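As structure tokens, the structure follows; a few thoughts come after it.
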Amino acid sequence: MKQISATSGPTNIGLLSVGSYRPQRAVTNDELCQNIDSSDEWIYSRTGIKTRRFAARDESTASMATEAGREAIAKAGLEASDIDCVVVATSTHFLQTPACGPAVAAALGATGVPAFDISAGCAGFGYALGVAADMVRGGTAGKVLVLGSEKLSPTVDMTDRSNCFIFADGAAGVVVGETPTQGIGPTVWGSDGTQATAIRQDIDWMDYLDRPTGPRPFLRLEGSAVFRWAAFEMGKVGQQAMDAAGVRPDEIDVFLPHQANSRINEILAKSLELRPDAVIANDIEHTGNTSAASIPLAMAEVLATGAAKAGDLALLIGYGAGLSYAAQVVRLPPG
């Protein structure tokens, strides 16, 4: 019987760089409270958010991803022509087709490469990183640009005092490629569709088209349900990711959880029994919840501020709509 040939790639892979893009407009809690009965103190005490970034009308998921990707490629010392694949994690590309990935690849000058989107909510970056890592290890790509990009501000009901202050806009990403030592551990991922309504679009597009003069769709969040699930289940996922990577909690230098709520992340850090001096990313304070972009944005921030350095061992945990989750242990790239 004729054997089908297969490809294989390097065993040791890692993050070669990280790039980010934050929209210029900073929106304070006080500004949002002009439309809702709340206060800066109330919002900050429950979420850890003081300000967030909103993209301009002419900025899109694709344009923000392009800026972040351009920086990541440059920081890796590469050209766009060196990139073999572009993966964009997003839930806010406002076109049914074509996908965001090909537009980003074309804008960057990564001509002719495979490019596609992954939609896994706030866990999207972890999913995209897992796929990219397997592609490089499998030999189907040498260098993969992995991006998380979201423009959530137009999806939020600014009169909904339960969640209008949570979500924000931005993009960030990494280049994945061969490294001298292992830099990306196995992906631990999964979903629980029985809790799909906890984070959802409240009106589907077919229902909206049936009543185009009715209420428009918005993103809705059942905060208490998500809080309980994330705070008390994601610690187990983080431990599984460390076990899969052969790493102990006291060996983790940096904790990079999804930036959904600072209180959740404090609970997770405690449940994981990380070292007291381990860095816990808190980019949410000035960036808000940027869904699939939040982990790479937080990564860029801890490196840029010097809170962490290249080579540090980091635990990544993404969690959100689906409900979905993904976690990995990685070595941080140069800032």
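Along the chain as shown, residues are numbered 1 onward.
Using the three backbone atoms N, Cα and C, a Cβ is placed for every residue, glycine included.
Values in this document were obtained by computation on a predicted structure and should not be read as measured data.
Swiss-Prot has this to say about the protein:
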ACT_SITE  Cys122  active site
ACT_SITE  His258  active site
REGION    259-263  region 'ACP-binding'
ACT_SITE  Asn289  active site
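Over all protein chains present, the Cβ of Cys122 (active site) has 32 other Cβ atoms lying within 10 Å. Per-residue confidence over the region 'ACP-binding' (259-263) averages out at a pLDDT of 96.
The separation of His258 (active site) from Asn289 (active site), Cα to Cα, is 8 Å. Cys122 (active site) and His258 (active site) have their C-alpha atoms 7 Å apart, to the nearest angstrom. Within 10 Å of the C-beta of His258 (active site) we count 33 further C-beta atoms, all protein chains included. Helix, strand and coil counts from DSSP across the region 'ACP-binding' (259-263) read 2 helix, 0 strand, 3 coil. Mapped onto three states, the DSSP output places His258 (active site) in coil.
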